[in-house]
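Novice: Submitted below is the structure of interest, expressed as structure tokens.
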């Protein structure tokens, strides 16, 4: 079990442990002691052993269990992550550079979210990340600092080196958990002396101090073993005797320089373990756990006002679905759509008509209200299919159009649809819109405007389904055809891709997602009005995709959250501050009829210009998009290139001399 080498590691291992233990200990300590982490833990423990002493008692046992599961997953996952990062690190990146990155990219967002709330804090964090990236680049240029070049070749590990890395990971988990336990113990003793901790919590303090290092030992080892699954193993005599390793080397040998570097980064050990796919699995566990248990955690993290915040997150959720749908049209297929709001309106009006008394007024068919609410579930699909049909209808006359002409036609469609809904007074109630739209029904769930929890989980489920569908479409044959059309229509057609069907499917798939968002929006809002759908909304939806990153699924999700925060929260906050005579922003009120919400078009225009100039690939670009905009030319001497072309194709010399993208 424990060895002297683990308790007192050699200098090289000691440096690696110090690097990662501090890098992750500081963010965890900020969440635990500066924010609400320790408060949640103490509240959970007291709710089990002494409910009367709990500061904020849980409403029921399921809520208590959810909070317990989240806290356990959070701390145990981070301990295992420490072990993974230590085992996966090549050690070529500097310690101070990592700590500065963690300060701006993790600690600063935690403090901003604590101070401003989840959505506003995330939006502010994006600004901090952008400023930090810009400033870091300028400082490096001024200091003439050159980061270590990426590994040029694979590091194939012998069995002895693999065991050594697992041992380092075990030591990292042990020391990280021990350091956190000791910091917690010291602070709890201070709080206890100050009278801030009841005697009951002493049981938990002692148990935590003993159990955390034990858990750290096993979780660190687990993280190390997970890291070794992504390494290349050598045979006993030190040569590469593993078939998978040989195949990987052959694959990398024929890739371009940029793609080869990306492939090498995913193989342990790596220079950037925080960005590796293995580390991303840990992040996904934390994100999914946080999203699932958030309604229970919200009052513990942000205090009162949970229902209002959950309602806002529901609105942000349909922005995400709209961004995912538009990403198919613009990001995957490269078809500029300036009338995307039309499909959102169609989805809203489909459920608005069938899910309200308007249906009874027009058709004379009477349906019991209790039955009506159950129709929402099939009608979501119907609304999406109708929107997809109209997407195909729109796409048909635009098949031969490109660029500006395509944008003008889609813009016209986006303007026509709301006008049609206004004029169909008999069916849509004209400019007054449709009111009294029914909420969904589900056993044991109360769907009211007061309790926002059900809508939160509904939009979460819809987002999960839409993300899954996007991933499957992107990696499918159809998705590759969309990307081929985006890159070069002529080449795609020459390769046998049916341009007509592929483009129509892109318009239809994008509209399908918009129809889902529209049906949800109508059910949640309880009303549908033609004034809610205009050209400026289409521009905002396009901004979500451009800001996040064309073709990048995580990018458009982040872009949607950022745009929602600016559009529906930050601008409103600025107007509130400007209304205060004592605030410096009040000077804008001297302008006639000025409001920040009235210049949202200007604000988003400026943001788009800045993004296109300084970050054309978006905040979180796809790997393909990043390579397109930051292509790394391979410097091959002319003589070598000429020699490569003189040897017969298929030979070893030819493969070594020519790289294929």
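Cβ atoms are placed via backbone N, Cα and C, with glycine included.
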Novice: For the feature transmembrane segment as recorded in TrEMBL, pick the matching range from 232-252, 253-273, 316-336, 484-504.
Specialist: 316-336
Novice: Name the residue range among 20-46, 425-451 that TrEMBL annotates as transmembrane segment.
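Specialist: TrEMBL lists transmembrane segment for residues 20-46.
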Novice: Could you pull out which residues elsewhere in the chain have a CB under 8 Å from any CB of the transmembrane segment (20-46), counting only those six or more residues past its ends?
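Specialist: Sequence-distant neighbours of the transmembrane segment (20-46): 53-56, 58, 64, 67-68, 71, 75, 78, 81-82, 85-86, 89, 98-99, 102-103, 106-107, 110-111, 114, 172, 175-176, 179-180, 183-184, 187, 197-198, 200-201, 204, 297, 300-301.
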Novice: Honestly, do the transmembrane segment (171-194) and the transmembrane segment (67-87) touch, with at least three Cβ pairs under 8 Å and pairs 6 or more apart in sequence?
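Specialist: Counting Cβ pairs under 8 Å, at least 3, so yes.
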Novice: Counting only pairs 6 or more apart in sequence, are there at least 3 Cβ pairs under 8 Å between the transmembrane segment (316-336) and the transmembrane segment (539-566)?
Specialist: yes
Novice: Which sequence positions outside the transmembrane segment (67-87), separated from its termini by at least 6 residues, show Cβ-Cβ distances below 8 Å to it?
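Specialist: The answer is 16-17, 20-21, 24, 28, 40-41, 43-44, 58, 165-166, 168-173, 176-177, 215-216, 219-224, 226-228, 268-269, 273-274, 278-279, 282, 285-286, 289-290, 293, 296-297, 300.
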Novice: Could you tell me whether the transmembrane segment (405-421) and the transmembrane segment (374-393) have 3+ CB pairs under 8 A, leaving out pairs under 6 positions apart?
Specialist: no
Novice: Between the stretches 282-304, 343-368, 539-566, which wins on the count of C-beta pairs under 8 angstroms to the transmembrane segment (107-134)?
Specialist: 539-566
